[in-house]
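As annotated by TrEMBL, domain 'GST N-terminal' applies to 6-86. Look at TrEMBL and you will find 93-224 tagged as domain 'GST C-terminal'.
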Amino acid sequence: MAGSGDKVTLLAEWPSPYVHRAQIALELKGVSYEYLEQEVWVNKSELLLKYNPVHKKVPVLIHKGRPICESTIILQYIDEVWAGIGPSILPSDPYERAVARFWASYVDEKWFPSSTKIMKAKTEEEKAEAVEQSLTGLNLLEEAYEKSSKGKPFFGGDNVGYLDIVFGSALCWEKTIEKISGIKLIDETKFPLLAAWAQRFSAITIVKELTPETNKLVEFWKELQAIRNANTSGN
């Protein structure tokens, strides 16, 4: 847990998978923290603008009064600051650490954006293209899991690691996308290793407690789209 005087605050928003990453890491390390909910999609608070004036997004980890922004950077920071407390998040081997960072970037820059496009698609053609991109990414991640896990339960081996947290935090939205679109993405017949991994990750007590319900995320998405549509039509 945080040392005396080391106050830890997390500026967060409950639907954000990026926020869940920071929460999972803090919980795994046993770090006590203050959770401050932000409604970024409605109104950005003065606190958020103060501590993340560049991107104006959550999560923001505030430690000893100093902000750390961007979820993957926050994960690395937590692992370094609270090293030796709880499980390690990043692999100790430099090559394995580089591989984990590479695939984490792939999830953030390629797979997750293509998957969310399924919900945003305005035509069947756009939807089909987004589905194909998502499935192609899952095929690559299936192969990455087989190589990284080496037959063990998680990308990180016996314990949840960096890539597990980055990829696993998106599973709640993967289920939401499936419910909205009616298309199964992590299908156990197509991606047996990922499907089994996703079940194991989602069953972890900390993860279950932090993961929003799918129906709640569906309603959030509908509300968010309604606000965006209203703003667009008003211009």
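Using the three backbone atoms N, Cα and C, a Cβ is placed for every residue, glycine included.
Whatever TrEMBL says is automated annotation, not expert-curated.
Across the domain 'GST N-terminal' (6-86), the prediction's mean pLDDT works out to 96. Taking H, G and I as helix, E and B as strand and the rest as coil, DSSP gives the domain 'GST N-terminal' (6-86) the counts 30 helix, 17 strand, 34 coil.
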